Structure formats: structure tokens, C-alpha cells
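Peer 1: Sharing a structure with you now.
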Amino acid sequence: MPVITLPDGSQRSFDKPVSVYEVAASIGPGLAKATLGGRVNGQRVDAHDLISEDANLVIFTPKDDDGLEIIRHSCAHLLGHAIKQLYPDVKMAIGPTIDNGFYYDVDLEHKLTDEDIAALEARMLELAKTEYDVVKKKVSWQEAHAVFAARGESYKLEILERDIPQSDQPGLYHHEEYIDMCRGPHVPNMRFCLNFKLMRVSGAYWRGDSNNKMLQRIYGTAFADAKQLKAYLNLLEEAAKRDHRKLAKKFDLFHLQDEAPGMVFWHPKGWTLWQQIEQYMRAKQNDWGYQEVRTPLIMDRVLWEKSGHWENYRENMFTTESEKRDFAVKPMNCPGHVQIFNHGLRSHKDLPLRLAEFGSCHRNEASGALHGIMRVRGFVQDDAHIFCTEDQVVAEVAAFNQMLKSVYDDFGFTDIAVKLSLRPEKYAGSLETWNKAEEGLRTALRAAGLEWEELPGEGAFYGPKIEYQIKDALGRSWQCGTIQLDYVLPERLDAEYVADDNVRKRPVMLHRAILGSFERFLGILIEHYEGSFPVWLSPVQVVVANITDSQAEYVKRVEKALREQGIRVIADLRNEKIGFKIREHTIQRVPYLLVVGDKEVENQSLAVRTRDGKDLGVMPLDAFIAHLTADIARRGRVFSAE
């Protein structure tokens, strides 16, 4: 009879097969009441699934990430239950969980409106409040097929016929009269599904194939309690205020238009912001021993076939033909960098060789996936590749970690989550090489003082990788940086060097980026700072404004002096009231406003205000330049206006 081992190492013995719920009840009634499901020997199960042999058990409650996912998945079923009551002819497709929520794809002739969604949400709540039990039944493939055939659920039948072997026993979840098919697990009772919100409706092709019918995708979110739901909705409201597309219009940074989908038209202020970042990264890479290169935008398919991109990535590549030759616009820079490495015989004395490029790449993303400058078709990466020996990998990754931390600090991102993706089931190279590489990455992370989470099986087939996620002002995580070991591309493209024993060997190739896509990183910065960029990044750092025409010449002299110091400055000599000028430039989030009246002209001084409304008093030009220079040097760190 089963002996159940709990996460704290304690064990409980039972004289017959026992469910997760019953194990929880043996510990205490409070835990039993909160039990949603569990993990038995690594397998997720429902609360009432029986355990018939010795097992390790983790019990899921609403406090767990796994428990929250169960709640969200069950809310998708609740949505199915409700929409079937309101629209009996609807055909149900799929309803998975996603980040922060769930969706359900439905085939319904009636186009759902905001009013329909509100009514659907109300019916869902009405059903959940009845606190009915969710009953799971494992049935034969044939029985499941008969159930959905009788109900006219063509999409469920297709899933059965195409995706599920007839030897399987599908799980059917009964929500009173509504039946759905799922691997589960799901909540045992709908009292867990009271805190949800339907968010929006969009179109989605069945199976993501544009040749199939367009379905209606209903998105929702759900949480364990009302407080968490309210906090999340407030976060979304704040995120909407910070939407980089809205802020770009407000601050005149860039625009997008239908004639160039997924491509950005950068305006002067936005391009100034871009240039500050590029110049900063160029200097940083130079300090860390990188050599900047430039590779062609378009290259023959022969190279892409050798690299493997033509076979594995062709659908995402823009292609063209010229003089009976096929070409592709590069989706990434790595094959071009290998060509530079291969140009001439390399010695072990040349390694490590660090090649960097602000490479312009293009990927044929689906139009529905495009999102402002966060997801585009044309983008630039702070891409670099390090060619080194196996013995140099640890030192190179350790140095990269230090460089990455300093860059993120300068941009104001100090909360970094690190993920180490390890060997997948299918991999290239030897097990010994992989073990050495993985341990090398761990050593490099320790050397940088970074904590990390390990993701077994998540590495690419050609090598393990580290991903770096930064957290913004709203607590959202963004994956930007990465470093990837690659043992395969040097082999495919015949990269080699002469080792110290005069034997030709393959270099290890490290793919690395810190910002990732410039466009996406700029979008993150815009939303993170809500347009109030650190002074060193601000497109306009200072505005000098006169009160009357009599101060115009002095304002021009101040502007000239600041410009000569490399400061991005504008003189506002418009015939407007000073209060109007102050408000306008404050709204535009210009860091410093220098107000000049007759007294300032007489004393050769400046009245200094910040965009936050702080009055820094009157000071000479030299004193202000010293103050501003110190502020710029702080970069993304907290600034004290003293």
C-alpha cells in the first residue's frame, strides 16, 4: 500500500490507494479545503486522482504557481460552460492557459461585442457561485468520440482524430451539463474560480493556419483572490498609460504605418534617443575588447543552407531573386560573423576573438504578432560573437556577466533574473562536452555573484544558454540579454583555428546580446521611465526660456555655451507667457528648464527648475554645467537634485 513522501521529507502510509485530497485531509482540514491538485512523482494530477504506489507528492493550493495555473485553466472551462448556455450553437476549439490568464477559441457566427462579453462574464460568475463539483472521467477514445459527435463538436473531434492515439484514454471534465476534454488537472469545485475578468476578443485562425477558418478568441485573466485580481487590473491600467505607442506620439519619438508593417519611422527625438544608446554600447563594447564589424544585409541561399537557416527558418526569412540566384535578407548576424572569422587562417593566439555588430536584421513575423516597436519585422541587435577555445569559455562568460550587469545598472535596471537552460533530450556533441559547458556556465554565474534558475531540457540542441530578464517599474519581466554556447555552427560553416600543437580545431562560438533588439529595448525604456528618461538619454536635456524679448540675446549665448559642452539644448524664444513655456516643457519631460529674466541677465545667472517642479535656485552657468555633468554621469542611477 502506498507510502507518500512530502516535500519536507515526512512520510505518510495508507492501507489503500489514496487521492491527493485524502492525503491533504490527513494533514489537516485547512489544507484539504485548499487542495486543487498535486504533483505525483513529477506528474501533475487532479485532487481526486488515486495514488496506488509509493510516491513523492507535492500538494497544490491557490498560493502556488501550479495552483494558480489550475484555476486559470478551469476558468477557461467555465467560459466554455457559460458560452454554451448563452449560444448553444457555438463550437468549442481549444482553451489553454497563457501568461497571466487563459483564452478560449470558439466558432460562433455572431460577432461578440463588449456587451456580449460583459453578459458572458456575468453568466460565468453566476455559474461559479453555485459551487458545483467538477467531475473527471477517463474514457476510451471511442467513447470520447461518441460524446463529441453527439454534441456536434467538430473541433474536438478533429483533435481526437489527429492528435490523440486511439489507445489513449482522454479525460472528460463534466461541468454539470457541459463537457470538455483536457489533460488537466482542474479544480475539484468551482468555488475556486470566482476571481476572473474577461479582457478582450480577437481573431485567431484554427491551428494558427491562415488557410483555416478564423475563430473568435476570448481572453481572460484569473487569480486566487479578489485582491490579486484588482492589483493585476490596476497594473494593466497603469501599463496602458505607459504604452510606448501612446508615449511615442506624445513625445514625438517615432511612428509606424501600414505601408511598412513592422518597420519604424524614427523622428528626430526618437533617433537622438537611439543614437545615445548605440554610442553608449559602442564605447562599452570597445572597453571590453570587442571589435566592431559590418556584414551584408542580403546573402546567397547557399550560405543559409550551410548554416541550417534555410531548412529551419525559411518561413521567417524575406527572400528575393537576382540573376537566377536566390538570396535572403539576414534574420540574424551569426553566419556573417563566421565568414569574417574564416577570412584568413586563425591561430590560437588570436583567440578569444570578439566580433560585435549593430546588425540590421529582418524577420517575416506574422502581421497579427506585430506590436508597436516591441515586435517588429525590421530591427537592430547589439549582436556579438565570441570565438574561443573550450578552456576560455568560463572566463569569457564571466566577463560578459560583469559587462551585462554594468550596462543594466546604467540604464536603471538592477533586478535581474537569470535562467540557465540545460541539455535537451536531443543534442549535438558529446555528453562530456555538454557537462563541461554547463558547469562552466555555472562557474561563470557564481563569479559574477548572480543567482539563477536552472531549466533542464530547455537548451538549444547545439548548446546550453543563459537568459537574463530585467524587471521594469511595473514589475514586469523582459528577457533581453542572452549568451549561448554553440558547437554546431562552427562545424557547419567550417570555422577552425590552429591550436598550440599545430592541429586544426573548431572554435567554440558564443552568441551574446545585452539589449537584444534595439527597438524592443527602447520600447521597454519608454514604458519604464514613462518618457522621463535619465538626463544622459533624454533627447532634449535642457530648455532655456526667456520671459521677455529683452533676454533673448543672453538666452542665445547660454544655449551656445551649453551646446559647446555637448549638451542637447533648445532655446525657447517664443512670444508666450513663461508659465505656458514651463508647463509645456514639463509635460514633454525635459529634465531641466532654465528661466531667464532681467535679474538673471544682470547677474549673468540662471533660474534652474527640474521637470519634477523642484526649484534649484539661481546659479551661474558654470555651476549649472557642473551640476548637469554630474547628473549625466549618474546615468540610470537615482538622482538627487541637491
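The backbone N, Cα and C atoms fix where each Cβ goes, glycine too.
Since the structure is predicted, the reported quantities are computational estimates derived from the model, not experimental observations.
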Peer 1: Of the candidates Cys334, Cys361, Cys480, which one does Swiss-Prot list alongside His385, His511 as binding Zn(2+)?
Peer 2: Cys334
Peer 1: In the structure shown, with every protein chain counted, which of the binding-site residues His385, His511 has the densest set of Cβ atoms within 10 angstroms of its Cβ?
Peer 2: His385
Peer 1: Who sits close to Cys334 (Zn(2+) binding site): which same-chain residues at least 6 apart have their Cβ under 8 Å from its Cβ?
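Peer 2: Result: Ser307, Asp383, His385, Asp486, Leu489, Met509, His511.
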Peer 1: Of the residues in the domain 'TGS' (1-61), how many are helix, strand and coil by DSSP?
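Peer 2: Output for the domain 'TGS' (1-61) reads 14 helix, 24 strand, 23 coil.
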Peer 1: Using the Cβ center of Cys334, His385, His511 as the Zn(2+) site position, which other residues in that chain lie within 8 Å, going by their Cβ?
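Peer 2: Apart from Cys334, His385, His511, the close residues are Met332, Asn333, His337, Val338, Asp383, Ala384, Gln484, Asp486, Leu489, Met509, Leu510, Arg512.
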